[in-house]
Amino acid sequence: MIDTKLAVKNVMIKDVVVVQTDATVREAAELMNERDVDSVIVLDSKKPVGIVTYGDIVRKVLLKDRDAKKTTIKEIMTSPLTYADPEDDINAVLRTMYRHGIRKLPVLKDGDLVGIIADIDINTTYMGMGTILTDLVEMNSDTAFLHCGLPEEGDDASMRQGICEVCGAFSSNLVVEGGVMLCENCRESY
């Protein structure tokens, strides 16, 4: 089986948009717009203490008719931070994100902000890995299943995870049928 473990440091975005706790919501929103991001990490001096997303601004300011020019980021930030370490495995980070219902995690090393990781970054990485794996299988079609550790057609074994060749969805339970890697949904209709 191919080892799919990947550390957060290999996927995280290092250029993190930050604001101080005393910034107004208006200032943060303008910065988010300028930098084309949907969240900012909130710092107290240099220490990360919270996160604010566009969703937070909508729910906690706009829908409550609060003044964005007078409301500080500290008043609406999500705190304490749930965060990842650069050495954390992406699969563990995905579980944390799912468990807490969050889409972005700041990455801290020894308490310092070193990056941010989003579910979309992880999904994009896995999709790229699936494309590479599919290309390898096609290049070595006769022996790829033996050398890559993929199940051969008719085997009861299944891959742990990858990209379905029919629908393109990520699946943790691919099976080879007719020489094609299929997820559960596509196996039923293939």
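Numbering starts at 1 and runs along the chain as displayed.
Cβ from N, Cα, C; glycine included.
Straight from TrEMBL, the features:
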- Cys164, Cys167, Cys183, Cys186: Zn(2+) binding site (BINDING)
- Cys164, Cys167, Cys183, Cys186: Fe cation binding site (BINDING)
- 12-68: domain 'CBS' (DOMAIN)
- 77-136: domain 'CBS' (DOMAIN)
- 159-190: domain 'ACP-type MB' (DOMAIN)
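For Cys164 (Zn(2+) binding site), applying a Cβ distance below 8 Å and a minimum sequence separation of six or more within one chain yields Phe170, Ser171, Leu174, Met181, Leu182, Cys183, Asn185, Cys186. The Cβ of Cys186 (Zn(2+) binding site) has 20 other Cβ atoms within 10 Å, all protein chains considered. What surrounds the Zn(2+) site, by Cβ distance within 8 Å of the Cβ centroid and not counting Cys164, Cys167, Cys183, Cys186, is the set Glu165, Val166, Gly168, Ala169, Ser171, Leu174, Leu182, Glu184, Asn185, Arg187 from the same chain. Model confidence over the domain 'CBS' (77-136) is summarised by a mean pLDDT of 81. Neighbour counts were taken as the number of other C-beta atoms within 10 angstroms of each residue's C-beta; across the binding-site residues Cys167, Cys183, the minimum falls on Cys167. Under the three-state DSSP scheme, Cys186 (Zn(2+) binding site) falls in the helix class. Secondary structure from DSSP puts Cys164 (Zn(2+) binding site) in coil.
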